[in-house]
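These come from TrEMBL:
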TRANSMEM  59-83  transmembrane segment
TRANSMEM  95-117  transmembrane segment
TRANSMEM  149-171  transmembrane segment
TRANSMEM  183-200  transmembrane segment
TRANSMEM  206-231  transmembrane segment
TRANSMEM  292-313  transmembrane segment
TRANSMEM  343-361  transmembrane segment
TRANSMEM  373-391  transmembrane segment
Amino acid sequence: MSLFRKPFSRRAEETSVGDEGARVISDGGLQYVIEKADNGSLPAYQEATGAPVEHHSPLGYGVGPVTIIFVNISMMVGTGVYSTPSTIYKGAGSVGLSMIFWALGFFMSLASMSVYLEFASYFPNRSGSEVVYLEQAFPRPRWLFPTTFAFQSVALSFSSGNSIVLAQYLFKTSGHTPTNWQLKGVAVAGYTVATLFVIFHTRTSYIISNVIGAVKVLTLVFIAITGLVVLGGHTRVKDPHANFVDSFTGHTSAYGATNAIYKIIFSYAGYNNAFNMINEIKNPIKQIRRNGFISLVVVAILYIFANLAYFAAVPKAELAAAKQTAASLFFSHVFGDKHSVRGLNILIALSSFGNLIAVLLGTSRLLRECGSLVGCGLYYATWVFILPHFLGYRLRQEVLILENGAQSHKLVKVPTEDVATWDREHDAVGRRLSDGDGIAVQLAVEEKFDGKDDIEKLH
């Protein structure tokens, strides 16, 4: 990505523009091509060995403002806001500091979101978020960084933990104490159902995510309003202001504060989910900048008011020693009966299921983008250098266009004596220069960018 780090005034002698099927800029050993999708964004440069841009998204363009907001909210609001406030309070050591930490988490997430927006503005035509950004930032060794990231995203995914939480709260709702295998079985079943929704119908999975996201917001709004009623002295809680007297009294440690901040960052994780599906969004940068910010602000406000409600209803000592979730203690102190806690368990289970769908929606796009690279960093040296050298061929990438419009790369073994001919007949991306699709892309680009000097318009 060294091309993007240099001002254009310093690139004139280092770059060249070719006349291939797509406009090409060479920067040392790297080649950058102009690609454009139908999502309303401007053409953008990307390193030629990256996965090809799908000019028309086979997944459609059904991600609008409402979906952007709720797909982020559904991923951010899982079970953390119901269960972690007690451990965050213990780590922070005081009510006041824990509330400051929750506000600090918002600003940290906002700063991180601005970084994602910066990368997305460079590559507004491709879904996949981090896979795309790593692929373009570190193009050599080819495919190593994006595939490694995609592997760790699956192997170390917290979705398996969310499926266990889903099973736990389903059993709490029924009043049954499960064995370990029963718990694992229900968790696998829940994960499977969520996966099937995402596999079989994209639009349905978005609708479910939006509906459950709305339920999550309404649940937290209910907790927040109930907390304000408690502070007004209109409930069975005797002294709702007790925890706010000398609210910074207490002791903490470096480990406790760090652990509290880490849990809060984890609770905000998901503000970047919409970046995973950017090629399904019309005018993506503007839409995510506005609606992604709205989702983060809504979640931050609800988190802070939910914590105010917990501290208003539950004594500090009981909260610090709690083995239950903070939300369960809140409902027990305010409403006093088991039915309210059971209702809360149903809502938390639903929240966990919605979180699974939101995570799978984002991760599936990430893996899909990585899968279209058709390569793995672990075998890169063997298959790309060693075998071609001894067997007398060179690997070249060719664009593969499927029936539904999806595009990928396939690796082609080209005999060494035919490499020059292959390179003349294909552009840097891997499209045949005679392909109508490549010509259409070139014409569309040249309508907007007429001449070498107009490259600056892209930035």
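Each Cβ is built from the backbone N, Cα and C atoms, and glycine gets one as well.
The transmembrane segment (95-117) is not in contact with the transmembrane segment (343-361), judged by fewer than 3 CB-CB distances under 8 Å for residue pairs 6 or more apart in sequence.
Beyond its flanks by at least six residues, the transmembrane segment (183-200) meets 159-160, 163-164, 166-168, 170-171, 208, 352-353, 356-357, 360-361, 364 of its own chain at Cβ-Cβ distances under 8 Å.
Among 149-171, 292-313, 343-361, 292-313 has the largest number of CB pairs under 8 A with the transmembrane segment (206-231). Below 8 angstroms of C-beta separation, residues 71, 74-75, 77-79, 82, 157-159, 162-163, 165-166, 169-170, 172-173, 190-191, 193-195, 197-198, 205-206, 208-209, 212-213, 215-216, 219, 270, 273, 276-277, 325, 327-328, 331 of the same chain, each at least six residues beyond the ends of the transmembrane segment (343-361), sit close to that stretch.
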